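*Asks:* Shown below is the structure under consideration.
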Ligand code: NAP
(Lines of atoms letter the chains of each structure in order from A and count residues from 1; the text may use other names and numbers.)
(Lines give C-alpha, C1' and ligand atoms only; values in the text may rest on other atoms or scores of the structure.)
Protein backbone atom coordinates (compact mmCIF):
# COMPACT_ATOMS: atom_id res chain seq x y z
CA UNK A 1 0.00 0.00 0.00
CA UNK A 2 1.29 3.42 -0.97
CA UNK A 3 2.21 5.98 1.68
CA UNK A 4 0.30 9.27 1.27
CA UNK A 5 2.77 12.06 1.94
CA UNK A 6 0.84 14.57 4.03
CA UNK A 7 2.09 18.06 3.20
CA UNK A 8 -0.57 19.71 5.32
CA UNK A 9 0.57 17.88 8.45
CA UNK A 10 4.29 18.28 7.74
CA UNK A 11 3.97 21.99 6.95
CA UNK A 12 2.05 22.50 10.21
CA UNK A 13 4.83 20.69 12.14
CA UNK A 14 7.40 22.99 10.53
CA UNK A 15 5.39 26.13 11.32
CA UNK A 16 4.97 25.00 14.93
CA UNK A 17 8.72 24.39 15.24
CA UNK A 18 9.39 27.83 13.73
CA UNK A 19 6.91 29.49 16.09
CA UNK A 20 8.85 28.11 19.08
CA UNK A 21 12.17 29.14 17.56
CA UNK A 22 10.89 32.66 16.82
CA UNK A 23 9.82 33.04 20.45
CA UNK A 24 13.29 32.03 21.63
CA UNK A 25 14.97 34.38 19.15
CA UNK A 26 12.65 37.23 20.15
CA UNK A 27 13.46 36.59 23.83
CA UNK A 28 17.10 37.11 22.78
CA UNK A 29 16.25 40.45 21.19
CA UNK A 30 16.13 39.33 17.53
CA UNK A 31 13.34 40.39 15.21
CA UNK A 32 12.09 39.69 11.72
CA UNK A 33 9.87 41.69 9.44
CA UNK A 34 8.81 40.51 6.00
CA UNK A 35 7.88 43.13 3.40
CA UNK A 36 5.25 41.68 1.06
CA UNK A 37 4.87 43.63 -2.16
CA UNK A 38 1.94 43.06 -4.50
CA UNK A 39 1.37 44.98 -7.73
CA UNK A 40 -2.20 44.91 -9.01
CA UNK A 41 -5.16 42.89 -7.76
CA UNK A 42 -4.82 39.48 -9.42
CA UNK A 43 -7.16 37.33 -7.24
CA UNK A 44 -4.79 34.33 -7.10
CA UNK A 45 -1.90 36.59 -6.03
CA UNK A 46 -4.11 38.16 -3.36
CA UNK A 47 -4.87 34.69 -1.95
CA UNK A 48 -1.13 33.80 -1.89
CA UNK A 49 -0.20 37.14 -0.29
CA UNK A 50 -2.90 36.77 2.38
CA UNK A 51 -1.74 33.23 3.17
CA UNK A 52 1.83 34.50 3.56
CA UNK A 53 0.69 37.28 5.92
CA UNK A 54 -1.33 34.75 7.93
CA UNK A 55 1.66 32.41 8.22
CA UNK A 56 3.84 35.31 9.46
CA UNK A 57 1.23 36.16 12.11
CA UNK A 58 1.05 32.48 13.13
CA UNK A 59 4.77 32.03 13.70
CA UNK A 60 5.05 35.46 15.33
CA UNK A 61 6.88 37.62 12.82
CA UNK A 62 5.78 40.97 11.49
CA UNK A 63 4.64 41.34 7.89
CA UNK A 64 4.33 44.70 6.20
CA UNK A 65 2.09 44.88 3.13
CA UNK A 66 2.81 47.11 0.15
CA UNK A 67 -0.19 47.01 -2.18
CA UNK A 68 0.59 48.94 -5.34
CA UNK A 69 -1.77 49.74 -8.22
CA UNK A 70 -1.55 47.80 -11.50
CA UNK A 71 -0.21 50.90 -13.31
CA UNK A 72 2.86 51.14 -11.03
CA UNK A 73 5.92 51.65 -13.25
CA UNK A 74 9.03 49.47 -13.20
CA UNK A 75 11.04 52.47 -11.94
CA UNK A 76 8.61 53.01 -9.06
CA UNK A 77 8.83 49.35 -8.06
CA UNK A 78 12.64 49.38 -8.29
CA UNK A 79 12.67 52.49 -6.08
CA UNK A 80 10.46 50.78 -3.46
CA UNK A 81 12.64 47.64 -3.41
CA UNK A 82 15.78 49.80 -3.07
CA UNK A 83 14.17 51.63 -0.14
CA UNK A 84 13.31 48.29 1.51
CA UNK A 85 16.88 47.07 0.92
CA UNK A 86 18.13 50.07 2.93
CA UNK A 87 15.51 49.76 5.67
CA UNK A 88 17.13 48.06 8.69
CA UNK A 89 13.73 47.17 10.14
CA UNK A 90 12.97 44.94 7.11
CA UNK A 91 14.74 41.55 7.02
CA UNK A 92 12.99 39.88 4.10
CA UNK A 93 11.51 41.19 0.85
CA UNK A 94 8.99 39.27 -1.17
CA UNK A 95 7.62 40.59 -4.45
CA UNK A 96 4.62 38.49 -5.41
CA UNK A 97 4.88 37.05 -8.93
CA UNK A 98 3.64 37.23 -11.61
CA UNK A 99 4.11 40.98 -12.07
CA UNK A 100 2.13 42.95 -14.67
CA UNK A 101 3.63 42.45 -18.15
CA UNK A 102 5.04 46.00 -18.37
CA UNK A 103 7.42 45.22 -15.46
CA UNK A 104 10.57 43.16 -16.01
CA UNK A 105 10.34 40.58 -13.20
CA UNK A 106 14.01 39.55 -13.61
CA UNK A 107 15.14 43.13 -13.01
CA UNK A 108 13.01 43.34 -9.85
CA UNK A 109 14.38 40.00 -8.57
CA UNK A 110 17.94 41.24 -9.16
CA UNK A 111 17.18 44.49 -7.32
CA UNK A 112 16.28 42.68 -4.08
CA UNK A 113 19.31 42.50 -1.79
CA UNK A 114 20.58 38.88 -1.67
CA UNK A 115 20.59 39.28 2.13
CA UNK A 116 16.80 39.83 2.08
CA UNK A 117 15.94 37.46 -0.78
CA UNK A 118 13.59 35.14 1.14
CA UNK A 119 12.15 33.69 -2.10
CA UNK A 120 15.64 32.51 -3.04
CA UNK A 121 15.26 33.69 -6.66
CA UNK A 122 18.18 36.17 -6.82
CA UNK A 123 21.11 34.94 -8.98
CA UNK A 124 23.36 35.17 -5.90
CA UNK A 125 21.04 32.82 -3.95
CA UNK A 126 20.91 30.47 -6.95
CA UNK A 127 24.72 30.50 -7.23
CA UNK A 128 25.13 29.82 -3.52
CA UNK A 129 22.81 26.83 -3.82
CA UNK A 130 24.79 25.31 -6.71
CA UNK A 131 28.20 25.75 -5.05
CA UNK A 132 26.93 24.48 -1.70
CA UNK A 133 27.18 27.77 0.21
CA UNK A 134 24.68 28.77 2.87
CA UNK A 135 21.91 30.96 1.45
CA UNK A 136 18.19 31.29 0.92
CA UNK A 137 16.67 28.24 -0.76
CA UNK A 138 13.91 28.38 -3.33
CA UNK A 139 10.84 27.52 -1.22
CA UNK A 140 8.97 24.86 -3.22
CA UNK A 141 12.01 22.59 -3.84
CA UNK A 142 13.21 23.10 -0.25
CA UNK A 143 9.72 22.03 0.87
CA UNK A 144 9.95 18.86 -1.22
CA UNK A 145 13.24 17.90 0.46
CA UNK A 146 11.51 18.32 3.82
CA UNK A 147 8.53 16.22 2.67
CA UNK A 148 10.89 13.39 1.70
CA UNK A 149 13.04 13.57 4.82
CA UNK A 150 10.16 13.86 7.24
CA UNK A 151 8.39 10.92 5.55
CA UNK A 152 11.45 8.75 6.12
CA UNK A 153 12.39 8.61 2.42
CA UNK A 154 16.15 8.58 1.88
CA UNK A 155 17.62 10.46 -1.09
CA UNK A 156 21.27 9.42 -0.96
CA UNK A 157 22.22 7.15 -3.85
CA UNK A 158 18.69 7.14 -5.29
CA UNK A 159 17.89 7.70 -8.96
CA UNK A 160 16.05 11.03 -8.90
CA UNK A 161 14.33 12.27 -12.04
CA UNK A 162 13.01 15.84 -12.13
CA UNK A 163 10.61 16.59 -14.99
CA UNK A 164 10.76 20.35 -15.63
CA UNK A 165 13.66 22.79 -15.61
CA UNK A 166 12.10 26.10 -14.57
CA UNK A 167 14.18 28.50 -12.51
CA UNK A 168 11.76 28.36 -9.59
CA UNK A 169 11.14 24.61 -9.37
CA UNK A 170 13.02 22.21 -11.69
CA UNK A 171 16.55 23.62 -11.56
CA UNK A 172 16.75 24.35 -7.82
CA UNK A 173 15.09 20.96 -7.20
CA UNK A 174 17.89 19.25 -9.11
CA UNK A 175 20.53 21.20 -7.14
CA UNK A 176 18.97 20.25 -3.80
CA UNK A 177 18.66 16.56 -4.68
CA UNK A 178 22.29 16.59 -5.77
CA UNK A 179 23.25 18.19 -2.47
CA UNK A 180 21.45 15.30 -0.73
CA UNK A 181 23.59 12.88 -2.77
CA UNK A 182 20.87 11.75 -5.15
CA UNK A 183 21.79 10.75 -8.71
CA UNK A 184 19.89 13.39 -10.63
CA UNK A 185 18.44 13.53 -14.14
CA UNK A 186 16.56 16.61 -15.35
CA UNK A 187 14.02 16.03 -18.12
CA UNK A 188 12.25 18.72 -20.16
CA UNK A 189 10.23 19.26 -23.31
CA UNK A 190 13.13 18.23 -25.58
CA UNK A 191 13.87 15.01 -23.68
CA UNK A 192 13.71 11.98 -25.94
CA UNK A 193 11.63 9.09 -24.67
CA UNK A 194 10.40 10.74 -21.48
CA UNK A 195 8.63 7.56 -20.36
CA UNK A 196 11.88 5.58 -20.31
CA UNK A 197 13.75 8.37 -18.52
CA UNK A 198 10.99 8.80 -15.94
CA UNK A 199 10.83 5.04 -15.36
CA UNK A 200 14.42 5.05 -14.12
CA UNK A 201 13.39 7.08 -11.10
CA UNK A 202 13.29 5.84 -7.55
CA UNK A 203 12.11 9.37 -6.78
CA UNK A 204 10.14 11.11 -9.55
CA UNK A 205 9.50 14.85 -9.13
CA UNK A 206 6.99 16.25 -11.61
CA UNK A 207 6.93 20.00 -12.33
CA UNK A 208 5.74 20.06 -15.88
CA UNK A 209 2.70 22.36 -15.68
CA UNK A 210 0.37 19.98 -17.56
CA UNK A 211 -2.78 18.62 -15.96
CA UNK A 212 -2.68 14.85 -15.08
CA UNK A 213 0.08 14.33 -17.67
CA UNK A 214 1.95 11.61 -15.81
CA UNK A 215 0.29 8.19 -15.90
CA UNK A 216 1.50 4.81 -14.67
CA UNK A 217 3.40 4.35 -17.96
CA UNK A 218 5.96 6.87 -16.66
CA UNK A 219 6.39 5.31 -13.22
CA UNK A 220 8.58 2.42 -12.06
CA UNK A 221 6.78 0.01 -9.75
CA UNK A 222 7.40 1.15 -6.16
CA UNK A 223 8.72 4.64 -7.01
CA UNK A 224 8.14 7.72 -4.86
CA UNK A 225 6.19 10.35 -6.82
CA UNK A 226 6.12 14.05 -5.90
CA UNK A 227 3.59 16.17 -7.79
CA UNK A 228 4.34 19.90 -7.93
CA UNK A 229 1.59 20.75 -10.41
CA UNK A 230 -1.46 22.78 -9.51
CA UNK A 231 -4.49 22.90 -11.81
CA UNK A 232 -8.28 22.74 -11.86
CA UNK A 233 -9.86 19.69 -13.53
CA UNK A 234 -13.06 19.54 -15.58
CA UNK A 235 -15.09 19.45 -12.31
CA UNK A 236 -13.19 22.52 -11.06
CA UNK A 237 -11.40 20.37 -8.45
CA UNK A 238 -7.71 20.95 -7.77
CA UNK A 239 -5.42 18.40 -9.41
CA UNK A 240 -1.75 18.02 -10.24
CA UNK A 241 0.58 17.13 -13.10
CA UNK A 242 0.17 13.48 -12.09
CA UNK A 243 -2.95 11.41 -12.77
CA UNK A 244 -3.19 10.44 -9.10
CA UNK A 245 -5.78 7.62 -9.32
CA UNK A 246 -3.90 5.96 -12.15
CA UNK A 247 -0.41 6.32 -10.66
CA UNK A 248 -0.95 5.86 -6.92
CA UNK A 249 -1.32 2.03 -6.92
CA UNK A 250 2.13 1.72 -8.53
CA UNK A 251 3.98 3.92 -6.02
CA UNK A 252 5.51 3.30 -2.60
CA UNK A 253 4.71 6.93 -1.64
CA UNK A 254 3.00 9.85 -3.36
CA UNK A 255 1.90 13.42 -2.66
CA UNK A 256 -1.75 14.34 -3.17
CA UNK A 257 -2.95 17.57 -4.80
CA UNK A 258 -4.11 19.49 -2.86
CA UNK A 259 -2.38 18.84 0.46
CA UNK A 260 1.04 17.70 -0.80
CA UNK A 261 3.68 20.12 -2.06
CA UNK A 262 1.46 23.24 -1.98
CA UNK A 263 1.39 23.89 1.79
CA UNK A 264 5.15 23.34 2.04
CA UNK A 265 6.04 26.40 -0.03
CA UNK A 266 4.79 28.87 2.59
CA UNK A 267 6.29 26.85 5.45
CA UNK A 268 9.72 27.11 3.78
CA UNK A 269 9.22 30.82 3.09
CA UNK A 270 8.70 31.17 6.84
CA UNK A 271 11.88 29.16 7.41
CA UNK A 272 13.77 31.63 5.19
CA UNK A 273 12.35 34.53 7.23
CA UNK A 274 13.47 32.87 10.46
CA UNK A 275 16.87 32.32 8.85
CA UNK A 276 17.29 36.12 8.84
CA UNK A 277 16.87 36.01 12.65
CA UNK A 278 19.30 33.09 13.01
CA UNK A 279 21.86 35.12 11.04
CA UNK A 280 21.38 38.10 13.39
CA UNK A 281 22.03 35.75 16.32
CA UNK A 282 25.18 34.31 14.73
CA UNK A 283 26.52 37.82 14.11
CA UNK A 284 25.78 39.09 17.64
P1 LIG B 1 7.07 26.05 -16.11
O2 LIG B 1 7.92 27.25 -15.90
O3 LIG B 1 5.94 26.11 -17.10
O4 LIG B 1 8.03 24.84 -16.52
C5 LIG B 1 7.54 23.64 -17.00
C6 LIG B 1 8.68 22.73 -17.35
O7 LIG B 1 8.15 21.51 -17.83
C8 LIG B 1 9.60 23.29 -18.43
O9 LIG B 1 10.95 23.09 -18.06
C10 LIG B 1 9.23 22.48 -19.67
O11 LIG B 1 10.34 22.20 -20.53
C12 LIG B 1 8.77 21.18 -19.06
N13 LIG B 1 7.79 20.54 -19.95
C14 LIG B 1 6.69 21.08 -20.48
N15 LIG B 1 6.06 20.18 -21.26
C16 LIG B 1 6.81 19.06 -21.23
C17 LIG B 1 6.68 17.78 -21.84
N18 LIG B 1 5.66 17.47 -22.63
N19 LIG B 1 7.62 16.87 -21.56
C20 LIG B 1 8.66 17.14 -20.75
N21 LIG B 1 8.83 18.34 -20.13
C22 LIG B 1 7.91 19.28 -20.38
O23 LIG B 1 6.40 25.55 -14.77
P24 LIG B 1 6.86 25.72 -13.22
O25 LIG B 1 6.76 27.13 -12.82
O26 LIG B 1 8.11 24.97 -12.97
O27 LIG B 1 5.64 24.95 -12.54
C28 LIG B 1 5.33 23.61 -12.81
C29 LIG B 1 4.00 23.25 -12.16
O30 LIG B 1 4.13 23.40 -10.76
C31 LIG B 1 2.83 24.15 -12.55
O32 LIG B 1 1.66 23.36 -12.57
C33 LIG B 1 2.75 25.17 -11.42
O34 LIG B 1 1.44 25.67 -11.24
C35 LIG B 1 3.16 24.32 -10.25
N36 LIG B 1 3.81 25.04 -9.13
C37 LIG B 1 3.36 24.74 -7.89
C38 LIG B 1 3.97 25.32 -6.77
C39 LIG B 1 3.51 24.95 -5.41
O40 LIG B 1 3.80 25.62 -4.45
N41 LIG B 1 2.79 23.82 -5.29
C42 LIG B 1 5.01 26.22 -6.95
C43 LIG B 1 5.46 26.50 -8.24
C44 LIG B 1 4.85 25.89 -9.32
P45 LIG B 1 11.13 23.33 -21.36
O46 LIG B 1 12.03 24.01 -20.37
O47 LIG B 1 11.87 22.57 -22.39
O48 LIG B 1 10.09 24.27 -21.91
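Any Cβ shown, glycine's included, is placed from N, Cα and C.
Feature annotation from TrEMBL assigns domain 'Tetrahydrofolate dehydrogenase/cyclohydrolase catalytic' to 5-119. Residues or ranges marked as coiled coil in TrEMBL: 8-35. Residues or ranges marked as domain 'Tetrahydrofolate dehydrogenase/cyclohydrolase NAD(P)-binding' in TrEMBL: 138-280. The feature NADP(+) binding site is assigned by TrEMBL to 164, 165, 166.
Help me understand the surroundings of these features in the structure.
*Replies:* Mean pLDDT across the coiled coil (8-35) comes to 97 in this model.
Residue counts of the domain 'Tetrahydrofolate dehydrogenase/cyclohydrolase NAD(P)-binding' (138-280) by helix, strand and coil are 57 helix, 29 strand, 57 coil (DSSP-based).
Residues near residue 166 (NADP(+) binding site) in space but far in sequence (CB under 8 A, at least 6 apart, same chain), listed by position: 207.
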*Asks:* Measure the Cβ-based neighbour count of residue 164 (NADP(+) binding site), defined as the other Cβ atoms within 10 Å of its Cβ.
*Replies:* 23
*Asks:* Give me the non-local Cβ neighbours of residue 165 (NADP(+) binding site): same chain, 6+ apart in sequence, Cβ-Cβ under 8 Å, ordered along the sequence.
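*Replies:* Listed in sequence order, they are 171, 174, 186, 188.
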*Asks:* Helix, strand, coil residue numbers for the domain 'Tetrahydrofolate dehydrogenase/cyclohydrolase catalytic' (5-119) per DSSP?
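*Replies:* Looking at the domain 'Tetrahydrofolate dehydrogenase/cyclohydrolase catalytic' (5-119) with DSSP, the answer is 61 helix, 18 strand, 36 coil.
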